[in-house]
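Let me begin by handing over the structure; questions about it come next.
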Amino acid sequence: MDAVIVLSGGMDSAVLLAHELSLGTRVAALSFDYGSKHNPRELPMAREICARLNVGHKVVGLPFINELFASSLLQSGEAIPEGAYDADSMKSTVVPFRNGILIAIAVGYAESVGASRVLIGSHSGDHHIYPDCRPEFNAAIDEAARLGTDDAVRVAFPFSAMDKREIGDLGRTLGVDFARTWTCYKGGELHCGTCGACDERKFALRHDQGLDPTRYLK
């Protein structure tokens, strides 16, 4: 095994998985059920993606996050805000230190199965909203993983300098079926089309050019 990818079932990690497989990377996928409003929609997508690509997949339950942490993204939190994908409207969706927790578990799993890398699909559009997606955090947690595993595991963020539209374009060239990925933070039957996450998805998949296969309520 070469790498462990944190696979949410969203478009960014789906593209990253397809990209790594195209390079010949031997990958195992790890998903997390932490009580987000959209976990019930994301996780089936992650399972389907892995089954289709013949990638080993495990789901880790982390119910304490929903029980202990404050965020509108969680089932225990307030309503998901409407509007653009920007710091003001999306601030309430920050789950405190979520990526730090998920990455720590993925690093431990990677070391246990002999994988030398953990792959994370965060991108440049996340930097201004989520502190645990910023380059400074990425560098620090990579160094922590290196030190904590005696140089056995590193954490990589291949899309850190890309925006979501660039990821969408890459995925299209790789044949990613974006209709079988999930983004909407509300977790309804269909993508709502009005929350910040849906707004960013529309931009990424060139909805205005008719290239987005997603079904939206609005």
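Each residue, glycine too, has its Cβ placed from N, Cα and C.
As annotated in TrEMBL:
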type: BINDING; residues: Leu7, Ser8, Gly9, Gly10, Met11, Asp12, Ser13, Ala14, Val15, Leu16, Leu17; note: ATP binding site
type: BINDING; residues: Cys184, Cys192, Cys195, Cys198; note: Zn(2+) binding site
Hey, which of the binding-site residues Met11, Val15, Cys192, Cys198 is the loneliest by Cβ count within 10 Å?
Cys192
With a radius of 8 angstroms around the mean position of the C-beta atoms of Cys184, Cys192, Cys195, Cys198, what other residues of the same chain does the Zn(2+) site pick up?
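Result: Ile80, Thr183, Tyr185, Lys186, Gly188, His191, Gly193, Thr194, Gly196, Ala197, Asp199, Arg201, Tyr216, Leu217.
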Are there any residues in the same chain, six or more apart in sequence, whose C-beta is under 8 angstroms from the C-beta of Ser13 (ATP binding site), and if so which?
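Once residues fewer than 6 apart are set aside, Ser13 (ATP binding site) is near Ile5, Val6, Leu7, Ala46, Gly121.
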What residues, ordered by sequence, lie under 8 A Cβ-to-Cβ from Leu17 (ATP binding site) and sit at least six positions away in the same chain?
Ile5, Leu7, Val27, Ala29, Ile49, Leu53, Val55
In whole Å, how far is Met11 (ATP binding site) from Cys198 (Zn(2+) binding site) when you measure between their Cα atoms?
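About 12 Å separates the two Cα atoms.
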Taking the Cβ of Leu7 (ATP binding site) as the centre, how many other Cβ atoms fall within a 10 Å radius?
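That number is 30.
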Would you kindly give the Cα-Cα distance separating Cys184 (Zn(2+) binding site) and Gly9 (ATP binding site), rounded to the nearest Å?
11
If I take the alpha carbons of Met11 (ATP binding site) and Cys184 (Zn(2+) binding site), what is the distance between them in whole Å?
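With distance taken Cα to Cα, Cys184 (Zn(2+) binding site) is 11 Å from Met11 (ATP binding site).
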Reduce the DSSP letter at Cys195 (Zn(2+) binding site) to three states and note it down.
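It is in a strand.
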With Cβ-Cβ distance below 8 Å and at least 6 positions apart along the chain, what are the contacts of Cys184 (Zn(2+) binding site)? List them in sequence order.
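Looking at Cβ-Cβ distances below 8 Å from Cys184 (Zn(2+) binding site), excluding near sequence neighbours, one finds His38, Arg41, Leu190, His191, Cys192, Gly193, Cys195, Ala197, Cys198, Arg201.
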Taking the mean position of the Cβ atoms of Leu7, Ser8, Gly9, Gly10, Met11, Asp12, Ser13, Ala14, Val15, Leu16, Leu17 as the ATP site, which residues outside that list, in the same chain, have a Cβ no more than 8 Å away, listed in sequence order?
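For the ATP site, the extra neighbours are Ala46, Ile49, Gly121, Thr181.
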Over all shown protein chains, what is the count of other CB atoms within 10 A of the CB belonging to Gly9 (ATP binding site)?
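Taking every protein chain into account, the count is 24.
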